[in-house]
Amino acid sequence: MANTGQQDDQLAQSDSVGAGKHNRHHYGSCPAPDAQHPGGHQRLPNRAQSPSNSNIFNELCPYTETDPLFPNGHMPGSKVNEEVTEKDPEDCSAQDGVREMPSESVRSMVLQILVPFLLAGLGTVSAGMLLDVVQHWEVFQRVTEIFILVPALLGLKGNLEMTLASRLSTAVNVGEMETAKEKWSLIIGNLALKQMQATVLGLLAALAAVVLGWVLEGNMLLNHAALLCSASVTTAFLASLLQGIIMVGVITGSKRIGINPDNVATPIAASFGDLITLAILACLSQRLYECIELYPYVSYLVCMFFLGLTPLWVVVSSRNPASRILLYTGWEPIITAMVISSIGGLILDTTVSDPNMVGMIVYTPVMNGIGGNLVAIQSSRIATDLYHHCPPRQVPEDRRSCYNPCRTFCGSGANHRSAQVLLLLVVPGHLIFLYTIHLMKGSTSPTPVFITFFLVVALLQVFTLLCIADWMIPCLWRTGKDPDSYSIPYLTALADLLGTALLVLAFFLLWLVGEKVPTGD
């Protein structure tokens, strides 16, 4: 306690000569009521001094969504405690105590984005090829509501995996994973939270598919409803667990070798996420369908087992301040995103049997996945930039006026350059993926008309998503909502909906002009 008193005396003496030092999250924290500066400024307690001081402070100041991931920016006792001079709260040029982001050239950005982007694209191509095969399986023919489940479950990578990747990437970039203690506390808490959210979302997605299927068909067998719930919950749980472990490895590995995790984490989160999720869903659904006559109770038992693990994940995730906040505040974006993705699934379910839309199902995961991957990169970069340069509820001056698309793409800032690079990747990326599909299916080469229509809707999708991201994220920040947790679920769900709708439009226009779509059949 003597050390604590000496530190307070030193801090007060420093403040009296005009060199006030405080924690880097000054603007998101509550001031101590009994520490008044002579000059009228309230002095924050040094929350890194001891765990007991930190606990008292936490009781006085409840968390909000834009508070630091840890009470003092780091775990209690962390040796990482950077100090900076006091600055104007309205100035968004540099957030207190946050180390400056290293400069990043366009070449470096492209090289870091390109490989994960191509991997993610190949993953979506593989998912499209797999979906083209399994659509003829008996369970997909008899329980067609599974098609409604597909975009919602594939969208979990945007709701959960990409959101986790964005949160951890931001934590790395602002220096909140410097020590083993704070790193593993953050990782374990977020993984437990993600497993709980995956279980609940899997159940809600199945219930939405049951309701939409009943509306379309007019009836729904109880065994089919149980199969949908069991397959959805199990798929969401297993896929989320596998991808979460991969994500943690990617982000910690990126930190060690000096790569910006914002550029690589979100695309790698989606690289094989679609393929893993779809493979688990197809195989599990088929097995459960084969048991539905002789052992109908199997579906109920499997579903109840994974639902029964939910309290365990709640207990584990509540031990970390960051994940404890999201236990209560993180549901709005992921549930809304699931509903949006389910609407895209409804469109897919109604068009999969349309003879004029033959072949569309192969391209749907590619269109949706690529758009979601690209906008997730931009979303993560904008969120990190706000965490670095702006206190909560304050946005840069150029983000306070009415939005126009030129603001997204015209400029020399880091986010302008990344938006330009991501938009330019659309055409060459989709050309590679289209010809990959052609080689894998052994179909006739895509015609120039088909390629033109496909690329136009792909560009329109990504352009729209990047504009929405540039408008949405500062708005979320200004209203006090964490952009890492809110923006990516909304944006990837919109990518699913826009991608599916625009692809239907493209195939309809191709049918009007009499253009044959290469299917390989």
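Glycine too: its Cβ is placed from the backbone N, Cα and C atoms.
Automated prediction, rather than curation, is the source of TrEMBL annotations.
Taken straight from TrEMBL:
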- 1-16: compositional bias 'Polar residues' (COMPBIAS)
- 1-58: region 'Disordered' (REGION)
- 47-57: compositional bias 'Polar residues' (COMPBIAS)
- 109-131: transmembrane segment (TRANSMEM)
- 143-160: transmembrane segment (TRANSMEM)
- 150-283: domain 'SLC41A/MgtE integral membrane' (DOMAIN)
- 198-216: transmembrane segment (TRANSMEM)
- 222-252: transmembrane segment (TRANSMEM)
- 264-288: transmembrane segment (TRANSMEM)
- 294-316: transmembrane segment (TRANSMEM)
- 325-348: transmembrane segment (TRANSMEM)
- 364-505: domain 'SLC41A/MgtE integral membrane' (DOMAIN)
- 419-437: transmembrane segment (TRANSMEM)
- 449-473: transmembrane segment (TRANSMEM)
- 493-513: transmembrane segment (TRANSMEM)
Secondary structure content of the domain 'SLC41A/MgtE integral membrane' (150-283), with strand meaning DSSP E or B: 119 helix, 0 strand, 15 coil
Proximity of the transmembrane segment (198-216) to the transmembrane segment (109-131), 3+ C-beta pairs under 8 angstroms: no
Chain residues in Cβ proximity to the transmembrane segment (109-131) (below 8 Å; excluding those fewer than six residues from its ends, i.e. six or more beyond): 150, 154, 259-260, 263-264, 267-268, 270-275, 277-279, 282, 361-366, 368-370, 373-374, 377, 417-418, 421-422, 425, 429, 432-433, 436-437, 440-441
Helix, strand and coil counts within the domain 'SLC41A/MgtE integral membrane' (364-505) (DSSP): 114 helix, 0 strand, 28 coil
Criterion met for the transmembrane segment (493-513) and the transmembrane segment (294-316) (at least three Cβ pairs under 8 Å): no
Chain residues in Cβ proximity to the transmembrane segment (325-348) (below 8 Å; excluding those fewer than six residues from its ends, i.e. six or more beyond): 63-65, 67, 147-152, 154-155, 158-160, 163, 193, 196-197, 201, 204-205, 208-209, 212, 216, 314, 317-318, 361, 364, 368, 485-487, 489-490, 492-494, 496-497, 499-501, 504
